[in-house]
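Q: Below are the features listed in TrEMBL for this protein:
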- 6-22: transmembrane segment (TRANSMEM)
- 29-47: transmembrane segment (TRANSMEM)
- 59-76: transmembrane segment (TRANSMEM)
- 96-113: transmembrane segment (TRANSMEM)
- 119-139: transmembrane segment (TRANSMEM)
- 146-165: transmembrane segment (TRANSMEM)
- 177-196: transmembrane segment (TRANSMEM)
- 203-221: transmembrane segment (TRANSMEM)
Amino acid sequence: MNYLLLFLAVALGYGVALFLKTKKIKQISLYLAFSGAFLLAITVFELLPEVFETPSKSIGIFIMVGILLQIFLEFFSKGAEHGHVHLHADTKDFPWLLFISLSIHALLEGFPISEENNLLIGVIVHKIPVAIILSFFFIKAGYSRIITVLFLFLFALMTPIGSFISENSVYIDTYHTEITAVVIGVFLHVSTTILFESSSNHKFDLSKMIAVVVAILLAYFL
Ligand SMILES: [Zn+2]
Ligand SMILES: [Zn+2]
């Protein structure tokens, strides 16, 4: 069931993109700010306490590795995880670098999802705008519908696969805390970048501020 929901989040994003046809970008950036704040709040309220149950400095190293990993991945994805794509689509071939970097990110974020936290909701809320923006990119860049749907289909499988592996592999489970710490780093970087980039030129935007505060409150009271 959880796997299906994670998959459907991407399908929904594609549907919304087809429906909106690149207009209403303003509303999407509002929802993006909400999703970033929500993901950050789930990370701070639930994932951090989980890995620091027994405090140790080495957990901090894994968090830093996650931050660095995400910075590295964004050299190839050009920021698709946090809501914009700046690829120059000269060829209309399958964009492998974008695909691989996004897939590593999406696979990882499936690992810490469990019954004990609300990360499933956090990842779904975060995935929908990412899927919308990816779809916009593919449509605007003139990719064929087959490549677009194939890309989104494979991308949608990654988080459920990550979640499935972590639930079913005893080997992976021995490193549960370390992997969760890496994903915390990934989430910290992605969500704070969303928040940073969603305020254009540091101008105060009341509606965005409200979206962020509501997201934090919701995550707290879940
Ligand atoms: Zn960016
Ligand atoms: Zn993500």
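Keep in mind that glycine also has a Cβ here, set from the backbone N, Cα and C atoms.
Heads up, TrEMBL stuff is auto-annotated, nobody curated it.
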Q: Which residues, given as numbers and ranges, are at least 6 beyond the ends of the transmembrane segment (146-165) yet have a Cβ under 8 Å from it?
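A: Distal contacts: 2-4, 6-7, 9-11, 13-14, 92-95, 99, 102-103, 106-111, 113, 123, 127, 131, 134-135, 138-139, 172.
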Q: Relative to the transmembrane segment (29-47), which of 59-76, 96-113, 119-139, 177-196, 203-221 accounts for the most Cβ pairs at distances under 8 Å?
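A: So the stretch in question is 203-221.
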Q: Pairs of Cβ atoms less than 8 Å apart decide it: which stretch in 59-76, 119-139, 177-196 has the most with the transmembrane segment (96-113)?
A: 177-196
